[in-house]
Amino acid sequence: MSASITAYDTIAAISTPPGEGAISIVRLSGETAVATANQVFKGKDLSQVKSHTIHYGHIVDPESGELIDEVMVSVMLAPKTFTREDVVEINCHGGIVATNRILQLLLGEGARMAEPGEFTKRAFLNGRIDLTEAESVMDLIRAKTDRAMQVAVNQLDGNLHTLIKRLRQEILEVLAQVEVNIDYPEYDTDEMTTKMLLEKAQTVQKAISNLLSTASQGKVLREGLATAIVGRPNVGKSSLLNHMLHEDKAIVTDVAGTTRDVLEEYVNVRGVPLKLVDTAGIHDTTDKVEKIGVERSRQAITQADLILLVLDQSEPLTDEDEQLIQATANKKRIIVLNKQDLPAQLDTTALLKLVSPDEIIKTAIPTSAGMDALDERIAKLFFGGIENSQTTVMVSNARQIGLLRQANKSLDAVIAGIHAGMPIDLVQIDMTAAWDKLGEITGESAPDELITQLFSQFCLGK
């Protein structure tokens, strides 16, 4: 990837979501962005204004003279823009008709409709950002919680880029020493270089392992944590869902089997995005519809990252309760011992023979008792080892994680090769492979096809 600014045609797109709103933004980027906007703008001559200024005027159809909208136009000149090209943003009134009319006028004056993610792609191709920072733009847009937003901002600020760049530089330095050894064997520095190669491989591998240790948390922040609320009928599953959502999504009655399907909702719990699944009560039934719901509930347990197993402490432990405890034994789970506001009938001693006391949170959902403790346990369960995600460098997407694992595998081969006494020029091949894989993360050695595919996932106007 070249950091020099490359000339492209001028592109245009609507950067705000479609529909009614106070303001819409139509964005242009490219060598003729200012001249194109000038053709449809009635106000100041945009070709004469200073960079990073905003101007009042009207958009007018240059052929018919029809007044389209009253607007504010921002002019930002290269290279101090997101794309490192001239950028113009037309702030018009929100609404589908006026916004589309303005876009069509710009296209009629020679601008091209931008492809999905093309503004961000140009920022990457012009050296403004690397691939990790480009991916963080979409992560920021899609962030479901404050913590997810912090991680995205952290990457956008270049923290992951800086770390990967440092690791590549460390590998490059030792590869240069290996080249000297190969080119000038008479200096007989093989032993010293081999020792340096081993130490560097171990150092870089430790840093990569530390990054990979954040992968599960990063994936949760990016995609959400699939959380199944399970239990036999009428123990308070739907009440728990409604309380966590702060609204009534599930039917709550005293009738067993009221929830006959699987309900899914997203909720933010202390910065952890939960994809809550309220399942039908798991029990033996002859009702055909209920049977389908029970089967879907069993599937939800299998697919869930976290189980909230709700038990009713106002009733004795049942065979169905024990079956659910056994079915979820190998999953991350929290035992929600509900209905603490009612007289106790459940034998706690018997329960503790089946579950750890650390798994139990006592609740009385109608009074909110224990709900703060439940939220805290969920957050601690998944982010207990990461105190401050604002400063912690994390990886969150499958592409980055996969490349880090491939780099780690190459470093394993380096270390194994050195211990096996392999020639240094053969070991060098695996060290170079690790360097290449790290470069793919930032885009420095990424193939064009990958770059095109990555940016195609972005939304229009970004």
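Even glycines carry a Cβ here, placed using N, Cα and C.
Here's what Swiss-Prot has on this protein:
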BINDING   ARG27, GLU89, ARG128, LYS462  (6S)-5-formyl-5,6,7,8-tetrahydrofolate binding site
DOMAIN    224-383  domain 'TrmE-type G'
BINDING   234-239, 253-259, 278-281  GTP binding site
BINDING   ASN234, THR253, VAL255, THR258  K(+) binding site
BINDING   SER238, THR259  Mg(2+) binding site
Distance between ASN234 (GTP binding site) and LYS462 ((6S)-5-formyl-5,6,7,8-tetrahydrofolate binding site) at the Cα atoms, whole Å? 47
Give me the CA-CA distance between ARG128 ((6S)-5-formyl-5,6,7,8-tetrahydrofolate binding site) and SER238 (Mg(2+) binding site), in Å, as a whole number. 49
Given the model, what does the mean pLDDT over the domain 'TrmE-type G' (224-383) come out as? 80
What is the Cβ neighbour count of ASN234 (GTP binding site) at a 10 Å cut-off, with all protein chains included? 20
Going by DSSP, is LYS237 (GTP binding site) sitting in a helix, a strand, or coil? helix
Quick one: of the binding-site residues ARG27, GLU89, LYS462, which has its CA closest to the CA of LYS237 (GTP binding site)? LYS462
Look up ARG27 ((6S)-5-formyl-5,6,7,8-tetrahydrofolate binding site) in the DSSP assignment and reduce it to helix, strand or coil. strand
All-chain count of other Cβ atoms within 10 Å of ARG128 ((6S)-5-formyl-5,6,7,8-tetrahydrofolate binding site): 20
The rounded CA-CA distance in Å from LYS462 ((6S)-5-formyl-5,6,7,8-tetrahydrofolate binding site) to SER238 (Mg(2+) binding site) is 39
Neighbouring C-beta atoms (10 Å sphere around the C-beta of SER238 (Mg(2+) binding site)): 25
Looking at the binding-site residues ARG27, LYS237, the one with the fewest other Cβ atoms inside 10 Å is ARG27
Kindly assign GLU89 ((6S)-5-formyl-5,6,7,8-tetrahydrofolate binding site) to one of the three DSSP-derived states: helix, strand or coil. strand
Whole-Å Cα distance, ARG27 ((6S)-5-formyl-5,6,7,8-tetrahydrofolate binding site) to SER238 (Mg(2+) binding site), is 46
